[in-house]
Amino acid sequence: MGKPTLLEPGHLYNVPAEHKNDVPIHYIITWIKQRLPEFGGAIPTSLADRVLIIKSRTGSGKSTALPVHVFRILRNENTHSFQKYLGRSVICTQPRVLTAVTLAKDIGASTHYPDMILGQTVGYHTKPLTEKPNRGLIYATAGVLLAQLHTMTDDEIASRYAFMIIDEAHERALGIDLMLMYIKSMLQRMLQRGSIGALRIPFVILTSATIDTHKYSTYFGIGKENIILVEGRQYGVETHWPLYNTNNYIKTACETALTIHKENIHDRPTEADILIFMPGMAEIRFLSMLLNNANMDLAKEKLPLMLILPIDSEAIAQENEAYLGLKAEIKNLWVKNPLTAKVEKPLRRVIVSTVVAETGLTIETLKYVIDPGWNRSIETYYPEWAGGLITRPAAQSRIEQRKGRVGRVFPGHFYPLYTKHVFEQIPAQQYPEIITEGPGAIFLSIVVETIKKNKEGVFKAEEIDMLDPPPTDALASAIERAIVAGLLTRGEKGLQLTQLGDIASRFSFLSIEEARMCFSGYFWQAAISDIATILAVVSVADKKLTNLLDSKQRNGAMLAEAVLAGIPPFLQNIDNAYTNIHLLLADDLLEGLFIFEGFQHAIVYFINNKVNNVAKHLREWCEKKMLKYSSMVQILARREDILNELAIVGLNPFHQWQNRLASANAETFLKRVCTLKQCMYEAYRLNCFCYDKHRLLYTGRNGIHFSYHDAVIKNPSCIVTPRIMLSPVSKQYMEWRLEPSFVSVLDGFVNVDINFLSPRQEIPNILGGVEDEEEEPPLPIQVFLHKYVKTHFHFSGKSFKELKMKPSQMIKFPETTLINMIPDIPKNVVQTYLEINVCHQYSFKRLIYCETFYTDMDDVQHENSVELIGLPMAAHHLTINDFNKLYHLLKPDGFLIVYDLHKGQEAFWLHSLQDALGHHTIRRDMDFHTIPEWETIFKECGFTPIFSKQPSEHELFIVFKK
């Protein structure tokens, strides 16, 4: 391990002039000690006394030397190793398992740190892998510390850790943002307790090579004196910019690696390795194949061979052959000659990796990095709540991290596969996941942490204290989902957690829908182990069950043998077993349940028969069933985590164990199927879709639609899916289509609330009980367009009790809906549930409109709002440019008329219009189908048209100003 610049004098910046030539690590340790009471420092009174930001370039030792020297503040390095350390620990978080494990092992084996012994004074703690002392320097994934902050009290955290080092703090994963929110809140609470809390308050150090120091210092309220800049690598890195961009980065990466290999044939094996970044495993496999083919050409030319090592998170978790090859010394590795089949020494390793190798990982033999410049991450689009893996150009900060993998021990070379001009055009920093994905599974944690700071005990969006708050549309969608799931309710003072919400908020990582599905399982007397299995399958299989198959050519027919391995005994001897099971279940998730049951049966069989090496036999079983062994193990682990989560909050994870679907008989099977489907429906009711026979598409209440076809089940009328996925139409073009992830057919199994699923254009019909529209017309729809400042958010509209509605206009509340499922839900959830039936957010950038009912124009008063009238379904035809125009044109006295003038609706909308405008002379027999005709009417009412658009014969948009 090379000597980092933190240990070399003269690399400090942003420090007093007299300290610029200090050894950086000495200056940092002195700076910290000056603020510790045990070293003569004052008792901390503000965050500035407990937060330090170190921006240290790659290769400086911020991940290795810094944590060790910080730990030595607590334990003298000359202390005998046999003396057990009993003080508080230092935790250093890493964004990935690989870096946490590797750093701990490297430090434990380094001659530079003889006092750091793996398992005694240094260790690692990750979800899949753990080897750590009870007290000492602990490298952990961010998720480990996040879970502790979520479940432990402030005093418990303070008694465990003296220092928290957040390495790679620039990473903007949801968990890291939430962790920083927790840390800041904890520090503030302990400081508010005075000297009692402040004496043991942990010291927080944020480190990164590309951190935005201004943003983070502003967030923590600290000044420039709390920011230390350190120069990075000691050796130069030469960047080889290409003259032209490539349209096939995988092929170009292979050609570049081969060129490097041939032109540097005299490299020493200890200074020769190549690292190539790829956005995903599919690209890694393809590039590895090309490189292995290149090895064939090298063998024919009698040139030294390359050892190809594909690395991703799965390889690390399994510690497979490729990962072991990465950790081994090059002199101990061999490669098979494709011509002679003999093994020989490779000249170099070519490591083909995802972003797991992007940060914190030091490969001392690495000399070259090839970067195609792409990054793949999940993006979610609201309010449709559709998401998927999207490949985009990596931010400059990520590219700098990739470049920083070399130049640590000797000079390195960086080969971008894009021009310098392209690099200069891409964003400097990556977008935080809370922007690209929304709050997701951490939403309830955000709610709880925000409520803690609110004296009234309510959730207010403007009080969210995060580096970047959730976007308005994502926040609106999350609130809607939480209300529908019965976890949030709207009290007199604002949004509050329900009793179920309070329980759900204690889960460390369950989403709103996952928590709701578990709660429904207890109410409907379902086997909770089945619920946990279904949720685990959804999590691991991601888009569809075929992702569990270990085959390049995946299709549903290949699942047959795996599904049949787990079905109840009474179904095993029927003809056309899989086809009939598929028809009987009509459910991807239940088929996934049976796949896992088969895997469990295999585990029990091998254990009961006392076979040697159970894992080996399970791998062979999975190969026969064409299943990925790693995926099945992940389902097992995820399922165990869910059951543990339930047990931790006091719920019985083995509730109704005897009612498992796999143990059903002919009399109980369909009843248990219906029960599980009911739980799925209640969890994912916002993702219910009805079949439109005219359009041959499935449509939902949020206006989106998609096609779905099943070879056996023909066009079911109602389906539910855990999520809507964005799937690429082709590999050549940046185009995506919507498709369901997993499908559960509800027809005949669940009593679906059709009112809840009504599309927007049918909203007036939700007001059931109106037989004679002329005598008792439905109330018109009032729409509000809000301009949001920062994170200000509130639901528009009045409660149903305030709307003076006639009894016949109230929505019929079905017997099987939310309020009847869990008896302890507060009764005001009924009102909220009713409002959600007709309240949905639709936004473009900072614009949002909300649908609700109204009686008189004067009844509705909203700050920063513009009153709009019309049918919002037609607003789908407005472009972003149209909305931008409205954003600037509309004032508090402006109106947007959005009318869908299909035949038979004119009378209803004219009636609504004359009520809204107080103008009772509009002729109801007129056929208004053109913009000029409408303009004439509104001019008579004293309005001036300022914007208009007519996308079709029956749809038009007009903005009027009074």
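Here the Cβ of each residue, glycine as well, is placed from N, Cα and C on the backbone.
Because the structure is a prediction, the values reported are computed rather than measured.
The ATP binding site annotation in Swiss-Prot covers SER56, ARG57, THR58, GLY59, SER60, GLY61, LYS62, SER63. The feature domain 'Helicase ATP-binding' is assigned by Swiss-Prot to 43-229. Under the heading domain 'Helicase C-terminal', Swiss-Prot lists 253-459. Per Swiss-Prot, the feature motif 'DEAH box' maps to 167-170. Marked as transmembrane segment by Swiss-Prot: 521-541.
Non-local neighbours of the transmembrane segment (521-541) in the same chain are 514, 547-548, 589-590, 592-593, 595-597, 631, 634-636, 638-639, 642-643, 646, 651-661, 672, 675-676, 678-680, 722, 741-742, 821-822; each lies 6+ residues outside the stretch with a CB under 8 Å from one of its CB atoms.
Confidence for the motif 'DEAH box' (167-170), expressed as mean pLDDT, is 92. Look at SER56 (ATP binding site): DSSP puts it in a strand. According to DSSP, LYS62 (ATP binding site) is assigned to coil rather than to any helix or strand. Per-site Cβ counts within 10 Å over the binding-site residues ARG57, LYS62 peak at LYS62. Each of the binding-site residues SER56, THR58, SER60, SER63 was scored by how many other Cβ atoms lie within 10 Å of its Cβ, and the smallest score goes to THR58. Here the motif 'DEAH box' (167-170) has, by DSSP, the following mix of helix, strand and coil residues: 0 helix, 1 strand, 3 coil. All protein chains included, GLY59 (ATP binding site) registers 26 other Cβ atoms within 10 Å of its own Cβ.
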